[in-house]
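Asker: Can you keep this structure in mind? I'll have questions shortly.
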Amino acid sequence: MKPSKASQRYRSIRRNANLYQESLFLSNLDDSFNADEAGDSHDPEQIFQNIQFQKDLMANIRCRPWPMGQKLRALRRAKEIVLKFEGRLTRTRGYQAAGAELWRKFARLACNFVVIFIPWEMRIKKIESHFGSGVASYFIFLRWLFGINIMLTVMTSAFIVIPELIAGQPFGSTASKTVPKEHIASAQDLDTVWSLGGYLQYSVLFYGYYGRERRIGRAGYRLPLAYFLVGMAVFAYSFIILLRKMAKNSRTSLASASHENYTFCWRVFCAWDYLIGNPEAAESKTAAIVNSIREAILEEQEKKKSKNLAVTICLRIIANILVLLSLAGSIYLIYFVVDRSQKLEQSKKELTLWEKNEVSVVVSLVTMLAPSAFDLIAALEMYHPRTSLRFQLARVLVLYLGNLYSLIIALLDKVNSMSILEAATKNNTNNRPDSTTFFATRTTSVEEQWSSLQPGMGLRKNSTWALEEASTPTLPMPFTPTNRTSLHHQWPQDQCWETYVGQELLKLSIIDMLFTVASILLIDFFRGLFVRYLSDYWCWDLESTFPEYGEFKIAENVLHLVYNQGMIWMGAFFSPCLPAFNVLKLIGLMYLRSWAVLTCNVPHQQVFRASRSNNFYLSMLLFMLFLCMLPTIFAIVRYKPSLNCGPFSGQEKIYDIVSETIANDFPVWFNRVVGYISSPVVILPALLLLLYLYGPSESMGDIPKSRSCPPVTLKKHLEDVHSESLFQKAFQKGNPPLPRPGASVLAAHGRRPQAPRYDLIREQKAHKNFWPERRFKINASGDIVELYPRNTRPCVPSGPRQALSPQLSDEEEILGRDWTRQAFHPRSLTDLHWAPHFYVGDRTVGQSLAPEDLRRKHCKSWNDGFEDQLAHPVYVPKKPRSRYVQYPQPPLKPRAKPQFEPPLTESDSMSVASSSDQEHSSTDQYLQVVHSHAKNPRPVGQRGRRKAKSGQELTTDLNDLICSNV
Amino acid sequence: MGSKQTVFTHEQLEAYQDNPFRQRIAQVFSEDGDGHMTLDNFLDMFSVMSEMAPRDLKAYYAFKIYDFNNDDYICAWDLEQTVSRLTRGELSAEEVSLVCEKVLDEADGDHDGRLSLEDFQNMILRAPDFLSTFHIRI
């Protein structure tokens, strides 16, 4: 396989390079040629072409590898020619050009200026030069998270905290804003403050403090509404920013999809950073280069190692069992601790400091210790270091998630039991003989709005929380007012479960921070000191044997950040200041970590690049965001907000604030429209549509600013296509061909979906880039049918696939083919969506309804997208098989082959690989379709997707045609 | 200027020129090939090394820089030169030769034991960080 792959690559290189050479050569020739010709040509066509050429030249003069003198000469000449033949530019054009130039310069200046304000750049660079890109990527990630948290902080403080502080009712004015009398004595005790009780509990830190007035201040700021919207906006913003970042990253990282192929080359030729101008930096850069080359060598040797299979498998099984056990153990432990603390709180009046904090301490301990345990276990498995890093990451992520989830579930459980207690109290007070003493307070309390809602609430709470079968029947339907007042007296603060959850999460965050600091000091700093200074007096060599110096563990640290951020997301709704706290925490972490890394850690002996792919971190973060959003959303949707605290008190559900606002403050028609829109029938597709549209538009927006000229873009595009096909090939090879559609669906779905999707996006944008030129061709020649297939063949990108087929036996080939299609499938799916769209949008501008319509349509199909994905593989494999039944294989293959050999020396379209026997008809078919597309693009595109026999490959081909034509 | 030193000693100048390929860069861009640059050559250099220069141009000149013996191919000897300059001789001879071998193995498309411009361009243009590192800011 290898030689054929190499030679194929070589050929593609050859072609690309030739192209470039040609362009260089041609331009060189043209330069002199045009100079001679400039004066004496009189044919208008020629003059026009000449002008066009000179303009191109002026635009792309930068791309020519000429010495400066030649460039200047050429430029001057070109300008002369253009001036002479075209006449002077009009004045407005001149201003426009000047303005554009000015703007460009300004943008560049601004860009340079902004760079100064990127925080910690030097620090990170220093770390990078000492520890390589892996460790630095942790800090870059940290900085990025810091940016996100700043935004979240700005959002919460600007729209919630500051308005409340300025315009809300002052501290002490209402029950929810005062420290209750029985607690006031201990409100300033250290352990109260430590467990965020006392004054802190009744401050803007937590949900409970915010007032329930619909409008506050003179301006009538709607605080509750703002609270809700900001709470949702936090999630929305995080999602958007994450997806954007991921799209951006995937664009850059895809260029290195064939990463493995050029490890050494890149490490040699791209290693030196020409920006370095500082001897110290150069020193460390050299060290880094040596390091990376050694690493590459090591990796190379690692590949050759052979191992004892049986033992390793056994070890791995044991290791996995151990990991599972410890996961289960940690989850159980957390649940147990929460349960215990809950019981303690009920039984004891005074809790010790430990008892108050044991939940967060235990959680932090588990999160700190378990990864090290996993690390030890991973040593059993003897994986390649990169693989083991991945495993480690996955396990730690599961652990963190388990922790957070068991914590939040336990907390919500506690919220439930609070309500049980509450119900129990009601019963008790109901039966109390002295209830009449409270009766006097009744009149006053009834005036308060909240209490008028109470009886119903009690019932509803019981019914929704569905836990207390015992208490529900005993509840008397008509509450006496006594209950209410007594309730009010007895459970004023404990009732605020939102504050409680917020407190718990903030506490967890604080304790987590302390543990991080402690672990940095203990594990890194003191160990470093110990090893450094006691080494001489110790009986063994401390530096190289047992304790050693600490290494910076990228994986755990990144995950810790992810976990930390998850905590913030989980708690941000209940404690609006949590992001602000996190900002401080991240700043501290940045300085402490970078200091610790630079002073006490040693560079990894084997720096593996697994952590280079930042999208891995991001996808973990995305995962975390999603999972952390769930409990919060669940709590918002499911539970009734506390009665006497918080902005939503007295409402049935938290989100009622929106409908209430819409009902009261918007015109009636709007209300009705919202009613229609908010039905799930509309919302769900709309959401998916947004998600779907977002990706492509996001990544397409970037292209125009690529500072390149036509030949360069062309090459770039070809490169992309090639690398993609290589990538796909790797994918094919890695997985055994699966005949069963179900399995293939899994394969296509399970881990990959992101990669192929972004693939296409890249490709699409390339298409878009090339569109004008293609259109030009159509216009100029008019005869597409003739033009396309001929031009296409040598350039269609899916080359390697062909090489695959001859070596397979018939049976295998069928499978291989199926697989090819399936592997290809996602690409073609989106291509399908886009191909018609482009046609309409760009070519036939006159059709007004088309783009919008189409867009909706293909989004719809994305919607059932998975159905599509499911449907395709099922339907695709059938075709080739049925074909094979009809056409016996062996005689056909040789016939098809030679026929296509001459034009496609090295490629070609999937049709060759996928249905060699059908070549004739296939060619005809797509000629036809190209034709009809040109005439009446839309319907054919639509129908073609569903019906046309090889619609899938047709459109793919079409796309290939488009790109190859340039 | 105040207390700042305005005249550099030779050693200091040496220390500030850290690019391992500085001689090559000067040679490649100079007209006479021995490192003496005219103003135009100097401008050329910065035009190529600027952030705005297109990839292909950069790749073309990078190739010239790494082609130590100016024979339009990067051969094993060129590679050894490159590696030893990059690492300041910290790698052992076996390691260097192993690296050279691997590089040729990876990028040499036509199996002639040396890298042509085409091989080189194809390899370098796919590198993720070539563009970001191959430039000079002034």
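In case you wondered, yes, glycine gets a Cβ from its N, Cα and C as well.
In TrEMBL, annotation is done automatically, which means it is predicted and not curated.
From TrEMBL, here are the annotated features:
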- A:135-162: transmembrane segment (TRANSMEM)
- A:193-211: transmembrane segment (TRANSMEM)
- A:223-243: transmembrane segment (TRANSMEM)
- A:317-338: transmembrane segment (TRANSMEM)
- A:359-380: transmembrane segment (TRANSMEM)
- A:392-412: transmembrane segment (TRANSMEM)
- A:496-611: domain 'TMC' (DOMAIN)
- A:513-534: transmembrane segment (TRANSMEM)
- A:566-584: transmembrane segment (TRANSMEM)
- A:616-637: transmembrane segment (TRANSMEM)
- A:673-695: transmembrane segment (TRANSMEM)
- A:877-966: region 'Disordered' (REGION)
- A:907-916: compositional bias 'Low complexity' (COMPBIAS)
- A:952-966: compositional bias 'Polar residues' (COMPBIAS)
Asker: Checking distant contacts: for the transmembrane segment (A:135-162), what same-chain residues at least six beyond its ends satisfy Cβ-Cβ under 8 A?
Answerer: 119-120, 123-125, 127-128, 204, 210, 223, 226-227, 229-230, 233-234, 237-238, 241, 245, 552, 554, 557-558, 561, 565, 568, 572, 576-577, 579-580, 582-583, 586-587, 589-590, 593-594, 597, 603, 611-612, 614, 617
Asker: How many helix, strand and coil residues does the domain 'TMC' (A:496-611) contain under DSSP?
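Answerer: Once the DSSP states are binned, the domain 'TMC' (A:496-611) shows 82 helix, 4 strand, 30 coil.
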Asker: Per the definition of 3+ C-beta pairs under 8 A with sequence separation of 6 or more, do the transmembrane segment (A:616-637) and the transmembrane segment (A:223-243) touch?
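Answerer: Yes, the transmembrane segment (A:616-637) and the transmembrane segment (A:223-243) are in contact.
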Asker: Residue list, the transmembrane segment (A:317-338) vs rest of chain: Cβ under 8 Å, 6 or more residues beyond ends.
Answerer: 358-359, 362-363, 366, 370, 373-374, 377-378, 380-381, 395, 398-399, 402-403, 406-407, 409-411, 413-414
